[in-house]
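Per TrEMBL, these features apply:
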- SER114, GLY115, SER116, LEU117, GLU135, ASP163, ASP181: S-adenosyl-L-methionine binding site (BINDING)
- 256-276: region 'Disordered' (REGION)
Amino acid sequence: MSFVEYGDTIKDGDTAIVFLGHESMFPVKVQHGTVTQTKYGVIRHSTDLIGKKYGSKVTCSKGGWVFILHPTPELWTMNLPHRTQILYSTDISIITMMLELKPGSIVCESGTGSGSLSHALIRTVAPTGHLYTVEFHQQRAEKAREEFREHGVEHLVTVTNQDVCKNGFGVKNVADAVFLDIPSPWEAIGHAKSALKAEGGRICSFSPCIEQVQRTCLAMEEYGFTEINTLEILLRVYNVRTISLQIPDLGKAAEDNSSTGFDSSNPSNQGSPCANLQQGTVQFKSGVPLREMVGHTGYLTFATKSLF
């Protein structure tokens, strides 16, 4: 199993996603002889998982069933163990696009955190690119190395435990893009410039506070970055539902129905528009936004390394 090389069959040692519903799923490490408890009953790894195809419908001991899915960066973002605050797919998608990432790109990242963005970056630059990720916290760095190894992507990523503001990324003039998610990104702009290729590259900084953005933009200008711009991505979800609205009384509906010989007692006419006019309401599908929505996550500041 690998997050970048998809397989058909569930194997011992794989990380799989147990899908109970759109709002209920969780990751599980497949191990021979192990069982997993769900609200629908027990899943026995040896008989229910190993050897089955990803996407299979598995019946649990109580008669309920779940789907077993191959992990992807998107599913991992929704189910990973949180060691820090993470970036979600809304921000991740614009980051990968605005940094102009593609297979073969070299990316420097700080900090690694829970690895949500890291997995998406690795999938984007695979199979010939590489991610250099720096994490200040030693235990988080060790846990990230372990997860990358379990997920079959350790050959595409190098994890370094150090302070990026003092020691940089450990590489120079190799990166196509740099991403910063640290409390003081302005202190790492010089190291980011050194890590980027001599012929240029892109940088992105994620900060929750506008004061951080202001200081980061000033530092980018000081180090000669151009095309500096800051944006914020907000996700608005809509529910589709059936609603009823009253038909306005225009004064001629009853006369028109009688003149055309419309018979509302005829079953064949019950579903017609005229029947709705007689009842005074009409039903249709409508998209309605949720009453509560995810608000501010952070500001994304992008810039380009100048060639001069």
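From the backbone N, Cα and C atoms, a Cβ is placed for every residue, glycine too.
Counting Cβ atoms from all protein chains shown, ASP163 (S-adenosyl-L-methionine binding site) has 15 others lying within 10 Å of its own Cβ. Sequence-distant neighbours of GLU135 (S-adenosyl-L-methionine binding site) (same chain, 6+ residues apart, CB-CB distance under 8 A): SER110, GLY111, THR112, GLY113, ALA141, ALA144, VAL159, THR160, ASN161. Counting every protein chain shown, 29 other Cβ atoms lie within 10 Å of the Cβ of GLY115 (S-adenosyl-L-methionine binding site).
Among SER114, GLY115, SER116, LEU117, GLU135, ASP163, ASP181, the residues given in the record as binding S-adenosyl-L-methionine, the maximal Cα to Cα distance rounds to 20 Å.
Neighbour counts of Cβ atoms within 10 Å were compared across the binding-site residues LEU117, ASP181; the minimum falls on ASP181.
Less than 8 angstroms from the CB of SER116 (S-adenosyl-L-methionine binding site) sit PRO73, TRP76, THR77, LEU80, ILE86, LEU87, TYR88, ILE92, each of them six or more residues away in the same chain.
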